[in-house]
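See below for the structure under consideration.
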Amino acid sequence: YKLSVSPEMDIMEYCRKEWRGNTPAAKKMRKGYEAVAQKFASIRRIRGDNYCAFRATLFQALSQATQLPRWLQSEDFTVLPENLLSKYDWIKQWQLRQKPGKRMGEISDEIKEYLMLLRKKWKNISEIKGPLEKQEACDKLFKNEEEEYSLYEALKFLMLNTAIELYNADKSGRRVPVFSWLLFARDTSSNPCQLMHNHLNHIGHSGGLEQVEMFLLAYALQYTIQVYRLYKYSTDEFITLYPNDPEEDWPVVTLITEDDRHYNIPVRMCQETML
């Protein structure tokens with residue numbers, strides 16, 4: 001059994017263990033970790049399957065949640081699968097985790113359950129006042145494999161919904177963020193249907209999130225995802241924000257990556273940073 005989110009460990013201790021050599025890459029990684037250690041004391045390793053971007057982002061969002069986001073409170077939130085299905089027949093080809101071949105007509109109820117689970121867990125955890133109790137609740141949730149993967153299914157569906165909204169906004173001449181053009185400029189995702197078939201259906205199975213999909217995740221959650229990209233140390237992409245022009249009222253979560261494929265999370269902000 002693998003832990004989804006490992007216990008915390010001192011950042012520099014972790015770095016010394018992982019990057020011992022004297023190669024240019026190892027030196028760069030050590031510099032990168034030193035920079036992160038100015039702000040954060042510890043790191044928690046995230047289980048390395050193709051869901052790690054979801055896992056790291058959601059864990060960070062929940063562990064600092066103090067209220068239910070507006071979009072999770074909306075009346076329409078849980079009827080999203082029915083609403084989308086009534087307009088877009090192709091969503092019937094949505095691939096549910098471990099249930100390939102189940103038709104969307106039958107699984108619209110399951111997606112609805114996943115969305116309701118996301119709302120319930122977010123609400124429960126955001127209402128916990130004590131930081132230690134909140135952390136324990138998050139740890140417990142991410143040890144429950146069935147619930148954890150159901151939440152990722154909900155996130156994927158929210159990404160699809162956001163992609164459809166952006167695509168339609170662009171088609172009707174409204175302003176959309178730049179990443180939205182890039183998302184639909186790919187040969188493999190020139191519209192939301194292709195995005196679902198060639199990308200979203202594969203996340204967690206045969207691939208993780210690509211860069212442009214990190215933007216989509218950030219928009220779906222209305223969170224700014226700040227990422228320390230260690231292999232970009234000493235360039236202006238070392239700290240990358242998704243989206244790069246975030247709304248001011250969006251909360252921020254912080255992740256660490258060595259290669260844009262696997263993500264871990266920094267925890268325990270250093271005192272002076274907090275001041």
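Cβ atoms are placed via backbone N, Cα and C, with glycine included.
According to TrEMBL:
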type: ACT_SITE; residues: ASP49; note: active site
type: ACT_SITE; residues: CYS52; note: active site, nucleophile
type: SITE; residues: GLU237; note: site 'Linear diubiquitin binding'
type: ACT_SITE; residues: HIS262; note: active site
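Shown on the structure are the features that TrEMBL records.
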| residue | record | Cβ contacts under 8 Å, 6 or more apart |
| --- | --- | --- |
| ASP49 | active site | GLY204 |
| CYS52 | active site, nucleophile | ILE46, GLY208, HIS262, TYR263 |
| GLU237 | site 'Linear diubiquitin binding' | ARG229 |
(request) Please report the number of other Cβ atoms within 10 Å of the Cβ of HIS262 (active site). (result) 18
